[in-house]
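Listed in TrEMBL for this protein:
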- 20-29: domain 'Uroporphyrinogen decarboxylase (URO-D)' (DOMAIN)
- Arg25, Gln26, Ala27, Gly28, Arg29, Asp75, Tyr152, Ser207, His323: substrate binding site (BINDING)
- Asp75: site 'Transition state stabilizer' (SITE)
- 140-156: domain 'Uroporphyrinogen decarboxylase (URO-D)' (DOMAIN)
Amino acid sequence: MAETKKLLRALSGETMDVPPVWLMRQAGRYLPEYKATRAEAGDFLSLCYNSDLAAEVTLQPIRRYGFDAAILFADILLLPQALGAELWFETGEGPRMSTITGAEGLKALKGKDDIHDHMAPVYETCRILSRELPKETTLIGFAGAPWTVATYMIAGRGTKDQAPAHALRQEDEATFAALIELLTEATIEYLSKQVEAGCEVVKIFDSWAGSLKGEAFDKYALEPAKRIISEMKARHPGLPCIAFPREAGDKYIGFAKATGADCVALDNSVSTEWAVENVQKDGCVQGNMAPKLMVTGGQELIDETKRIKEAFSKGPHIFNLGHGITPDADPENVTIMLEALRG
Ligand code: CP3
């Protein structure tokens, strides 16, 4: 039977007049209904582990906008928590974690197969969603890339330049590499269960890939992505995989071929023309629109939507932002973007 889900068609390489569309962080604080459900759950982490409410917030943007894909509501930092790290969120400041500073901290973590009891509610969210999503909507599962997750585990928080993680990499590379190895293996187990529970695509978020340069990028961003994707495809033949090595710059070139990713997600620091020439030539691309346009709106939002659609129109493309939609975005701007895109 011919594939009817637009997102899966783009991921298999089809060029479409109107590309499929979804937004990173589409379930989030810019939506009043999200804030209401989060309040009902109590806090962000309680929402992540409440399967019914996590499914509810995943569905909210689908109901409101009819996006072509829903992304599982969870967080990349649930995996280190499942491995035994402490995790909490400071209101208005973001995530805080216990820190890994050397071999001791690494040894205290659990093994790759010990995460599933902790993650059971997340898998249940996937099962609810695969029942309740409209038949034309694709369910995307996800995990953080090992490097990005490691930056939080090492620093205990988000950092501007990922300095603590770079320091560990340089001063105790054996421990650092072993942490990346554990995260790579655990990510494969975690994503496999998401797929068994109904996710149809997986995406790997490497938000801090851009701070790895040269050989370090190949070793700790490209190699783990390649391992995860090849193992996922071996276990789940035909599973489409999206990779997001954010701010990789020139390292975007050839990333899909080298890792086996079916689609590379682009941030908004690379120019669209450059991405058409250097990245889309190898297959499907996603993203590239500046998130701030969802705040500022107006004619510029309409013009940019049409410009990006047109620029990528000669090859497979999934319309999205270059990073997550922000809490100060105007929900009405999403509607304006969708009208400009779909006509
Ligand atoms: O995209 C989606 O709608 C799916 C759910 C999702 C969340 N986080 C929910 C979330 C996904 C895919 C993520 C990925 C994630 N989480 C990344 C990679 C993508 C990126 O943004 O670079 C990272 C680095 C994290 C870690 C994280 N989680 C941070 C740094 C923060 C604080 C920053 C912020 O926006 O508040 C979070 C919290 C978070 N994760 C929120 C949401 C909806 C906001 C929490 C809230 O509701 O208060």
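Each Cβ is built from the backbone N, Cα and C atoms, and glycine gets one as well.
Predicted, not measured: the structure shown is a model, and the values here were computed from it.
If one looks beyond the domain 'Uroporphyrinogen decarboxylase (URO-D)' (20-29) by at least 6 residues along the same chain, the residues whose Cβ comes under 8 Å of a Cβ in the stretch are 6-7, 9-10, 35, 38, 57-58, 60-61, 65, 67-71, 73, 138, 140, 287, 294, 318-321, 323-327, 334, 338, 341-342. Taken together, the residues of the domain 'Uroporphyrinogen decarboxylase (URO-D)' (20-29) have an average pLDDT of 98. Tyr152 (substrate binding site) falls within a helical segment according to DSSP. Spatially close to Tyr152 (substrate binding site) yet at least six residues away along the chain are Leu77, Pro80, Pro95, Met97, Gly158, judged by Cβ distances under 8 angstroms. Put simply, the two farthest-apart Cα atoms among Arg25, Gln26, Ala27, Gly28, Arg29, Asp75, Tyr152, Ser207, His323, the recorded binders of substrate, are 23 Å from each other.
Counting every protein chain shown, the number of other Cβ atoms lying within 10 Å of the Cβ of Arg25 (substrate binding site) is 18.
Annotation for the binding-site residues Arg29, His323: lowest Cβ count within 10 Å of the residue's own Cβ, Arg29. You'll find the Cα of His323 (substrate binding site) roughly 15 Å from the Cα of Asp75 (site 'Transition state stabilizer').
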